[in-house]
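> Relevant sequence annotations retrieved from TrEMBL are reproduced here:
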type     : residues : note
COMPBIAS : 197-217  : compositional bias 'Basic and acidic residues'
DOMAIN   : 1-134    : domain 'BAP29/BAP31 transmembrane'
DOMAIN   : 183-240  : domain 'Bap31/Bap29 cytoplasmic coiled-coil'
REGION   : 190-217  : region 'Disordered'
TRANSMEM : 7-27     : transmembrane segment
TRANSMEM : 47-67    : transmembrane segment
TRANSMEM : 103-120  : transmembrane segment
Amino acid sequence: MTLQWTAVASFLYVEIGVLLIFCLPFISAQRWQSIFKWNIWNRLSQFWNKGFLTMIIILIVLFLDALREVKKYSTADQSKDSKLLPNMLDHVHMKLFRAQRNLYISGFSLFLWLVMRRVITLINQLATAMGTSAALQTQAESANKAATKYMEDNEMPKQALTDAKGGGGKTQDPEENKLLKKEVQRLTENLKSSTDALKKSKSDLDAMKKQTEGLTKEYERLLQEHQELQNQLDSGHKKDN
């Protein structure tokens with residue numbers, strides 16, 4: 001293999017290794033997101049898009065070059081001419097094999113480069129969705145506790161107002177009754193606002209759960225495609241051997 005194709009093959013193996021590391025089950029999406037937020041990645045982020053596009057262009061050029069070589073050595077005319085010279089047919093077959101090998105290497109490298117970027121994006125989105133879901137769940141629990149507390153506090157003025165109306169033969173102060181009514185009204189409004197906030201939090205939590213499930217399915221689909229691609233690559237290496 002020439003130097004350029006050795007570099008492309010090494011790049012392909014690095015991509016496979018990185019994707020396999022991303023597939024490790026004991027490393028959560030939040031942990032990967034914290035790793036992606038390291039200062040070294042922030043410094044390299046300004047060059048990430050340029051480097052990504054540059055690598056795509058290089059791989060596309062190498063892919064087209066390998067495709068040209070495959071077509072060049074697959075033509076019937078050259079096969080006929082090669083039969084006229086000794087050992088020429090074997091030489092043409094060797095060139096065709098190398099061209100096909102380079103085509104597979106560049107094609108898989110280009111595909112895995114796109115898959116790796118997509119996997120990183122999905123991991124970040126999944127970690128953000130999980131964090132938001134946990135925050136919404138905590139907020140919903142807090143709103144539920146506050147609503148329960150308001151309901152308990154609301155029972156006390158109602159009981160006091162009932163005692164004031166019943167009286168038990170005792171005369172109650174009208175000003176005290178007005179204050180009790182205002183307190184009941186205030187607590188009722190607070191309870192209503194807390195109930196509305198709880199309903200909104202629950203609806204937001206359901207929406208985030210649906211979004212998280214969608215991201216998880218998309219992530220699993222990409223992992224399955226990567227596994228199928230890995231199996232195809234392994235079978236291709238076995239054929240080459």
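Glycine residues also receive a Cβ, built from the backbone N, Cα and C atoms like all the rest.
No curator has checked TrEMBL annotations; they are predicted automatically.
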> Could you give me the DSSP helix, strand and coil counts for the domain 'Bap31/Bap29 cytoplasmic coiled-coil' (183-240)?
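Its residues fall into 58 helix, 0 strand, 0 coil.
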> Could you give the mean pLDDT over the domain 'Bap31/Bap29 cytoplasmic coiled-coil' (183-240), rounded to a whole number?
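Mean per-residue confidence for the domain 'Bap31/Bap29 cytoplasmic coiled-coil' (183-240): 76 out of 100.
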> In the domain 'BAP29/BAP31 transmembrane' (1-134), how many residues does DSSP call helix, how many strand, and how many coil?
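Counting residues by DSSP class gives 117 helix, 0 strand, 17 coil.
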